[in-house]
Amino acid sequence: MASWNSFPLEICYQTLGWIAFFSWSFSFYPQVILNYKRKSVVGLNFDFLVLNVTKHTSYLIYNVVLFFSPVVQRQYREKYGFDELIPVAANDVAFSMHAVLLTLFTLYQVIIYERGNQKVSKICTSISSVVWIIAIVCVILASQSHSWLWLISVFNSIQVVMTAIKYIPQAWMNFRRKSTVGWSIGNILLDLLGGVMNFAQMGLQSIDQGTLVNFYGNIGKTLLSLEVVFFDLLFIVQHYILYPFKTDTFPVISEETFVTPLLKSPDTSEESSNV
């Protein structure tokens, strides 16, 4: 059975993992609080939320199955070596569960708060539908051959792709509005910290084991950290450098300006403050 060679490194690994958990978990709350204070979700891209549900659900499936299933763990070690540690920690499972719940709650806020005339785009709906159809087909194929490690790797790949895609609508919306009002920067700063800690955690495991297997054995976690850092830095540049103007009078986003959000409602003027 694989084990840690250094107890101090194991403690540091667990510490960094839980720092990543709290950073990523708390990163959901600034947006939730901002929505509550404004009683509005205007400025929050709904495509981002819908894509985020698929992303976090896929990541939850991967983490839970690999962390708890002896069958999948055996298949992992048969592929990568019986002396290799499983590349999923308890903090990964806890974060995924929390992320799904908070994303669903934010979607609930979209339903109950002022949203202008924003709605979910047809492109987003199509992408989400295609992804889940592919996932269902893969489940059927895997059940016939018992290729469970391959199946959760598919879900891991889905979360990587969805992570890359989900940020684009919000970044584009910020660019078109020339504003980040309605989009919480607190979310981004905590998200960035979580991404850095997550990558550092994997680095410590590699140092202890003397191998890079955990990086490519859980390529989804590796790419997730890199994607998070890249897009968070982009949002930081948008918020603090490109569009630092914080005055709270912005026109409601029109459907002609860009295609986004969930349910139509009458046009209104929005007064908001940025976090």
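Using the three backbone atoms N, Cα and C, a Cβ is placed for every residue, glycine included.
Here's what TrEMBL has on this protein:
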- 15-36: transmembrane segment (TRANSMEM)
- 57-73: transmembrane segment (TRANSMEM)
- 93-111: transmembrane segment (TRANSMEM)
- 123-142: transmembrane segment (TRANSMEM)
- 148-168: transmembrane segment (TRANSMEM)
- 180-202: transmembrane segment (TRANSMEM)
- 222-243: transmembrane segment (TRANSMEM)
> Is the transmembrane segment (123-142) in contact with the transmembrane segment (15-36), using three or more Cβ pairs under 8 angstroms as the rule and ignoring pairs under 6 apart in sequence?
Replying inline: no
>> As a test: from 123-142, 148-168, 180-202, pick the stretch that has the greatest number of Cβ pairs under 8 Å with the transmembrane segment (222-243).
In response: 180-202
